[in-house]
Structure formats: structure tokens, C-alpha cells
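Attaching a single structure in C-alpha cells format; questions to follow.
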Amino acid sequence: MTNEKNQKRILKILYFAISVSVILLGLLIVFDDRLGVVGEPFIDHLMVMNIAISRQLYGVEGYAGLEQILTALKQIPNVSTIDLVTIDDYTKYLSEINAALFKASYLKIINFDHLHGYINEQTYVYFVVLSFQLFGIKTQSISLFWFLIFGFSSFIFLVSYRNKISQLILLWCLVNSIIFIVICNPAVGAQLLSIYNYRFIPILGIIPFFHILLASRQTKITFSQWFLIFLQTAPLLFVFLARGSSLWMLIALFISSTIMLCIYLWRFRGWSLSKKIFSYRIFKVIFVYFRIPLLVSLLFFLVKYVPHQELHKEYSKEIWTQTHVLWHPLFIGVVSDPKLRSDFVCSKTSLSDKLKGFYHIPECDSEISFYKRFVQGIRNEPADMNGFHAAVKYLRENGSTDQIGTDIVKEGHFNIKWQFYDTTLRNVYFDLLRKRPIDVGYMYLFIKPIRFFMNVLSYVQFFIKSIYQSPNILFIILTVFSLHLFILVKLFHLSILLERKVESELRIFAKMILLSFIVSMIPSILFYSQRHTVADSATVLVALCIFLSIFLIKKSLKKRIPIGTC
């Protein structure tokens, strides 16, 4: 058994390793200009920044933005229309963005009545507003606030499990996996780029999620531990509210608690509980295992549905929505299959609508070989126009002349009646399920999982590409890798990983990470997966690989390092 002195030594080493890794991530964020540029959806991010500027400098309340400022910001070249090859290209582009933000801060506003809203989760708007208020009006302020949230959750985790070797090893692996994904980020392309892109926000939930997941395994929780859990819940709730697809973490909490309850009943109570199934003790056990997931759920619904500060009257217009639409991503994800697209999107009859940019999608080829269908199903990217066209087709086939487009036109925005459109697409989706259940099952059970794994595994390529583009980050990579090897060898040298309790806990944690990765597939299977939407899943997979490396190295070094030597 490992003595107390060795445990204290390894705890100090883990404190050092975790702290250095967090600092290295901070340096990476500060000095890599690629992480500060505005990615896609480009206009969406400009709208949020404009709302923050309008609120902070021009006194516009209700989280609406001045159109005059947005027009000025649109002078920034769209990231998808320019070539960013070298680090100098990124640095120059970042300077252009910040110069435009600075100029927008000193405009003479002519009309305070020309405003715009925002079409996604309002919580992300609050995030950017607070970033600018704390650190100034520049994109690096949002990156810095992102890092502060990350550092806060890492610190809370470290304090909560400061005397637990296994838990700190898990934290160390999680931090390193996040470093890996942040390095990959710029190479993913224009659809991601910055760490403050709202598609990348779920990464901030990884450490709070695992902290709370570990806490849910504890039957006894002290007051100080409850306090730290509440603190850790704050960044997790922010992630849930800023990016709805991150709710897979909440699902994973419930699944994990269910598994732990079943294990308890199997090992200690048995399954012969028919006479006592409604006993007080059984309900108490169930409460113990589900209290934390239930608490997180309660706080989430309270924060989400309790009335907040009143939004500007601009949001009463039908072209704005305060959260992501549901049926749109569900539908466009499944009609990437060419046969389903042919039947539910393409149309023999020419279609038109008030929606700006709407175009007719003619009849598609419905006779397609299995191989071609398989390849296209995986390669076809989900397209917004598939949803728009399917909704208009459904309306016309059912004798309706209603338009999904509206007469309200805002330059650079879809003039779409979001609620009406999404309700229409819901009807199309259920029609599709009813008429083509086998084809839908083929997509959900076969094509979408394959596409998901291809997108996740592509992060290896992005990692290599990012290093090639910016050789300076090799220093950070080599430092992290050297720390990794040093700590593993030290763990073995002090016999930490040979201690039965630690080894058993690490195996349980590895299973928890695997379960989390599997559950993280849910949004990609239900909706759609693209390389810029699976960063959180890729992070969990990298953490699992790092964790498994511990066991692989243990197996190779177990016979080489004398047990109990220092």
C-alpha cells in the first residue's frame, strides 16, 4: 500500500501539473491570434457584438442592437470570403475586426428606432455583453472571459477533490483533452475558428459536468461539498442555456444515476424487492442517487423559464426567435439522405415564397444505387434551404398559400416567420416518419452514427494541420506531453497506480468517460453532425484516450519499475 508521504508527494505533483496545463491553455488563447477571429455564422456573431456595444455605449436596453452600428460592422470582410493561410493573415484580420469594433464605438447615431434582435439563445448575448463590460470592446475580451470560466470550473474541481488522487488524475486528463481540442479549433475551418464561437461553448461544460457526475456517486456530501457543487452548477447551467445541444450532459447524469442505482440494487439488495418496492428505504436510496441530477434539472428550468429582464419590443416581430428552433435541425439532418430528399424536398412543380433567397429545387433522381445513396448520405451536408423548400412544398400540396417569408426585411437576416416555419416543418417531419419509417431508421441507426465518428476522428487531422500552420504551439504540445509522461512514471514509481483502490476508481472513471462519449452522440444522431458541431464529443473521446494510455503504460512499465521505490 502507498504510504501517506507518497500520497502527499503525488498530490503536489498533480497540483503542479494541472496548474501548468491551465496556464498553458491561457497562453495559447492569448498568443494564438487564430482563436480570436470571428467565425461563422459571421453575421450572427456581429449581431451579438453589436447588441453588446449598443447596450454599453449607446444605452439601448432590452438586448437589441442599432442597425447603424451593424451596418458599420458589416464592412469587416466575411471570414468565408477571404483566404487565411498564415498566422500573419489571421493577425491582420483580427486587427481589422478590432479596428471596426473601435470605430463602431464612436459613431454618431442618427436613428435609434432602427434596431435588430437576435435569433438564437439569449444567454450567449449575456455572455458577450458581460465580456465587453469587464474587459473592453474587442474580441479578445470574449476569449478572456471564456478562459476565466474554464479556470473557475477547474479551480472548483481541484478544491473539491484536493485530497483525491484518482479524481485529480481525471481532471488532469480533461484539461489536457481541452488543450488538444483548442489547438484543433482553427483548423476546423471558418465554421468554428474562435473559442468564443457559440458552437464551441459546450467545451466549457465538460469539467463542471464531470465534477457533478463524480459528486452524484457520493452517498454522503458535506456542506462545503454542496457549496462547491452549487458553484460548479453555474457554468454548467450557462452552457445548457447558451447551447441547447449540450443538454446531453444532463441526460448523461440521469443515465449514470440509473446505472448506479441498478448496481446498488443488484449487489446489496437483490432484485427480490416486490414486497418492499414502495418502502421508505427504497425511496431514500433512489433520492440519494438522483438528488444531484434532479437539482441541476430544477435549477435549469428555474433559470430558463422564470421571467428575465424584459426584452425590447423589437423581439415581438416574427423574424426573431429567442432560442434555437427544434424541428428545422431535426428535418434537415435526416433529408441528407438522397431518397428522402427526393420525396420530401424536391418538387416537380415550381415553388416560390416571400423568403429572401428562396429558390426552387427541381425534381431529384429517386432511382439511386445503394452504394451511391450510402456515400451521398454520409457526405451531403445539411442545408437550410432543404428545410425551407420542404415547408413551402408541404404548404402548397395541402392547398395553403401561406408564406414562410415575411414582408419585414432586415439586411443580412432571413426574413422568415420562424415560429410558423418551424411548426410547419414539424408537420413535414411527422409525415416523413409516418410514410418512410424504414428509411428514417436507416439514417438514424446507420448513416448518422458513421457520419458522427468520421467527424469526430477528423480532429486528428485538424490537430496536425493546426501545428503545421502555427509551429509555435509545438512548445505547448511538447510541454504537455512531457508532463504527461513525467507524471505517469512518477505515479508508478510511487506505486500509486498499483494501489487497489486507486486502480479500481480509475477503471470506474474510464467507464464514466466512455458512457459520456456515447451519450454525447445523441444531438448528432437526432439532429445532424458536422465537424464544427462535435467538438464536445471529440473532447470526451480525447480524454478517454488519455485515460486509457494510463492503463497501457501501466501494463508496459509494471514489470520494469521496482514497487515501492522512490
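Quick reminder: no glycine exception, Cβ is built from N, Cα and C everywhere.
Feature list, courtesy of TrEMBL:
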- 12-31: transmembrane segment (TRANSMEM)
- 142-161: transmembrane segment (TRANSMEM)
- 168-189: transmembrane segment (TRANSMEM)
- 195-214: transmembrane segment (TRANSMEM)
- 226-242: transmembrane segment (TRANSMEM)
- 248-266: transmembrane segment (TRANSMEM)
- 286-307: transmembrane segment (TRANSMEM)
- 319-335: transmembrane segment (TRANSMEM)
- 442-461: transmembrane segment (TRANSMEM)
- 473-496: transmembrane segment (TRANSMEM)
- 508-528: transmembrane segment (TRANSMEM)
- 534-553: transmembrane segment (TRANSMEM)
Restricting to the same chain and to residues at least six past its boundaries, which positions have a Cβ under 8 Å from a Cβ of the transmembrane segment (226-242)?
121, 123-124, 127, 149, 152-153, 156-157, 159-160, 198, 201-202, 204-205, 208-209, 211-212, 215, 249-250, 292, 295-296, 299-300, 303-304
When each of 142-161, 286-307, 442-461 is checked against the transmembrane segment (319-335) for Cβ pairs under 8 Å, which one has the most?
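Between the candidates 142-161, 286-307, 442-461, the best contact partner of the transmembrane segment (319-335) is 442-461.
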Give residue numbers and ranges for long-range contacts of the transmembrane segment (286-307): same chain, 6 or more residues beyond its ends, CB-CB under 8 A.
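Answer is 212, 215-216, 219, 229, 233, 236-237, 240-241, 250, 253-254, 257-258, 260-261, 264.
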Is the transmembrane segment (442-461) in contact with the transmembrane segment (195-214), using at least 3 Cβ pairs under 8 Å (sequence separation of 6 or more) as the test?
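No, since the transmembrane segment (195-214) and the transmembrane segment (442-461) share fewer than 3 Cβ pairs closer than 8 Å, they do not count as touching.
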Where, among 142-161, 168-189, 248-266, 442-461, do we find the most CB pairs under 8 A to the transmembrane segment (534-553)?
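The stretch I would name here is 168-189.
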With a Cβ cut-off under 8 Å, give me the same-chain residues at least six positions beyond the ends of the transmembrane segment (168-189) that come close to it.
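Result: 11, 14-15, 17-18, 21-22, 24-25, 28-29, 32, 34-35, 90, 150, 154, 157-158, 161-162, 195, 200, 203, 206-207, 210, 214, 459, 461-463, 465-467, 469-470, 473, 476-477, 480, 484, 487, 491, 506, 509, 531-532, 535, 538-540, 542-543, 546-547, 550.
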